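Presented below is the structure to which this report refers.
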Amino acid sequence: MFTNVLVSSFSPFPTLSLAVAPSTQVSEILALLREKYPLLPSSNLVLSLHSGITSDTLPVSSLCDDGSELVSLRLSPRILGGKGGFGSQLRAAGGRMSSQKTNNNDSCRDLSGRRLSTVKEAKKLAEYLESEPERLAAKAEAQKAKLQALERKLGIESSSGPSKAGSSTDAEPAQLAGKKHRLDDTEYLKQSQDLVENVKSAVSAGTSSLTSMEL
């Protein structure tokens, strides 16, 4: 009398079958499988029931159901374990990622659909235009001081001071031609200031309307 053993194998092997004596132990089935199917790996294989691992010393007859002569087993390769410590590596990587986290939300959009980076740039431009008169005044003062220093170096007196007697009437044409005179284009400066004020007003109006929409 024999007991039929069906072994569910792993790819690329099909389901294997054996007819063994009822007293055959589970550990002996592996040797019988290797004899019948020589292509199976010679080591690192384990037999188990579909419900879990069984003892290698049990006879096949103890695995049969009542009144049945069929045993179903599963053949699986053993999986070699590592040294562990993967959890600590994950925690360390998570700590590094959290330390590099930034709160940069410039790519987000507000309720009107504009990116926050665009709104910030508009506010910076408004602040820049607001301080434009101070920068222009400082630049003009620096240029004036530089020109006065150059005039003193060349021995040219400033035209804003009181004129000496006979200096303009008795000067020789050659001396007058050799002097450098400064021309202030007040109309150009006025147009430049008006242009800056117009741009400043437009940007301020845009930012004010955007702030009211956000509220």
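FYI, residue positions are counted from 1 along the chain as it appears here.
In case you wondered, yes, glycine gets a Cβ from its N, Cα and C as well.
Database features, via TrEMBL:
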| type | residues | note |
| --- | --- | --- |
| DOMAIN | 3-80 | domain 'Sde2 ubiquitin' |
| DOMAIN | 81-204 | domain 'SDE2-like' |
| REGION | 93-114 | region 'Disordered' |
| COMPBIAS | 97-106 | compositional bias 'Polar residues' |
| REGION | 154-215 | region 'Disordered' |
| COMPBIAS | 158-168 | compositional bias 'Low complexity' |
| COMPBIAS | 204-215 | compositional bias 'Polar residues' |
Per DSSP, what is the residue tally for the region 'Disordered' (93-114) in helix, strand and coil? 7 helix, 1 strand, 14 coil
Just to confirm my parser: what is the rounded mean pLDDT across the domain 'Sde2 ubiquitin' (3-80)? 80
